[in-house]
Amino acid sequence: MKLVDDLKSLLRSRGFFKLLGVRLVTQCGDGMFQAGLASLFFFNPAAGANVTDVAISFLVLLLPFSLVGPFTGPFIDRWPRRQILFYGNLIRGFLVACIVAATLSGIGWLTYVLALTALGVNRMLLASLSASLPNVVESNQRLLTANSLVPTLGGASTLCGAAIGFLLRLMLPTQALQQTGALIAAGILYVCGSGVATLLGKQELGPKEVPGGTLFTALRTAVKELADGVRYLIRRGTPAAALGTMSLHRFIYQLHVMMVILAGRNLYADPANADAGIAFFGGLFGAMVAGHGISIILTPLAHEKMRPHTWIVCCLIGGAVGQIIIASTPAYSWVVAGMFIFGIGIQGAKIAVDTIVQSDTADTYRGRAFSLYDVLFNISECIAAVVAIFIFPPVGWSRGIEIGMIVFVVLTAVWYATTIKKFKGIPRKV
């Protein structure tokens, strides 16, 4: 079977195996870090959860990186990516230690500033991991399988980390440990991830051609290089269309994340019972992540029958089926089922987009492409947070709003299919 052969080939690659190890260790830490932040910002027993507070928390965490993130791409294309993974994880470990100290000291604003800084570093590391993958994979066909395997295993690792983080919140004896236990564990894993990165060669992950010049020169030319990257992606056509589609899909994804936070805290649980809110939220979000896991099986199999462009459209429409289930009733079990199907569509489309951006983008521009990828996602999430303030009820779930999101996804699928048809599914020569 082709899929089995691809998996065997990937697992025989030492570089791929080591890069996967970095991702699994650090993304487990990401899950713990996110669980720790969720406990502080969304499920704090000392405060309630309303749409505005949740939206502001997301804006504080996401908007700064949306503004500075575009400048990370040129550095990913300039600096050894293995060194970015090594030093970046050490920096994150230090920032997490500072967050713990700020939390215990009761300095709320500093906690926000440090958290957004750590998440900004995290985005750069994820972009570096994505840009590095083609350097440890033999062919574009293997690359699709790798894009199915790596992000999904990374997502599963994040889910495991989040589950452990929430368990620490429920099991640790004192309030101080409940607030910081997951964060401390995340910091330890970041340092471990830095150690795993040293198993890779300094130049093993690229970039293959490193421009000369000083750091000042790099900063001065960052804007120009980023603009060149944008123009390149637009001229190529297919990567730009894929990125645009996933940005729109990410907008819908973020609205659902906010919905399950509010529903877990205010609809299914007593708003005063933060621990019960965490449990209900965990079930809803976990169902979506479980759907991500199914995509590791479906996406490579689908690729044997269709091109990634077609699979994106299938995932958009298929995920909308889950949204229809969510819109039909607020009953917890049905919403869980809907989130599971929606999760398959979200991750399946993302895997295909990753493959298109990687395979249709030259290595010289790949770092900038994935930096733009993350920035577009963050901007979409920020816009979703602002929109949520005006449309969501306190309990999160609303049939009318869900139907509106279904229509939005269907229109996105139609737009993407029409755009790709114009390109005949082939990137333009640049």
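Backbone N, Cα and C atoms are what each Cβ position is placed from, and that goes for glycine too.
Because TrEMBL annotations are produced automatically, they should be read as predictions rather than curated entries.
Per-residue confidence over the domain 'Major facilitator superfamily (MFS) profile' (242-430) averages 92 (mean pLDDT, predicted model). The domain 'Major facilitator superfamily (MFS) profile' annotation in TrEMBL covers 242-430.
The feature transmembrane segment is assigned by TrEMBL to 54-72 (among others).
Tertiary neighbourhood of the transmembrane segment (143-168): same-chain residues 3, 6-7, 10, 16, 19-20, 23-25, 27-36, 39, 133-134, 137, 177-178, 181-182, 185-186, 189, 278, 282, 285-286, 289-290, 292-293, 295-296, 299-300, 303, 308, 347, 350-352, 354-355, 358-359, selected by CB-CB distance under 8 Å and a gap of 6+ residues from either end. If you look up TrEMBL, you'll see 143-168 (among others) marked as transmembrane segment.
Tertiary proximity for the transmembrane segment (180-200) is limited to same-chain residues at least six positions away from its ends with a CB under 8 Å from its CB atoms, namely 15, 18-19, 21-22, 25-26, 28-30, 32-33, 35-36, 39, 82, 85-90, 92-93, 96-97, 99-100, 103-104, 161, 164-166, 168-169, 172. For 180-200 (among others), the entry in TrEMBL reads transmembrane segment.
Listed by sequence, the residues of this chain that lie at least six past the ends of the transmembrane segment (276-298) yet keep a Cβ under 8 A from its Cβ atoms are 38-39, 42-43, 49, 148-149, 152-153, 155-156, 158-159, 162-163, 166, 169-170, 256-257, 260-261, 263-266, 268-270, 315, 322, 332, 335-337, 339-348, 351. Taken from TrEMBL, the feature transmembrane segment covers 276-298 (among others).
Residues annotated as transmembrane segment in TrEMBL: 310-328 (among others).
Sequence-distant contacts of the transmembrane segment (334-357) (same chain, six or more residues past either end, CB-CB distance under 8 Å): 130, 140, 143-144, 147-148, 151-152, 155, 238-239, 242-243, 245-246, 249, 253, 256, 260, 263, 283-285, 287-292, 294-295, 298-299, 302, 308-309, 311-312, 314-326, 328, 366, 369-370, 373, 397. According to TrEMBL, the transmembrane segment annotation covers 334-357 (among others).
According to TrEMBL, the transmembrane segment annotation covers 369-391 (among others).
Counting only same-chain residues 6+ beyond the ends of the transmembrane segment (397-418), those with a CB under 8 A from a CB of the stretch are 241-242, 244-245, 248-249, 251-252, 255-256, 259, 263, 267, 309, 312-313, 316-317, 319-320, 323-324, 326-328, 330, 335, 391. The annotation transmembrane segment is assigned in TrEMBL to 397-418 (among others).
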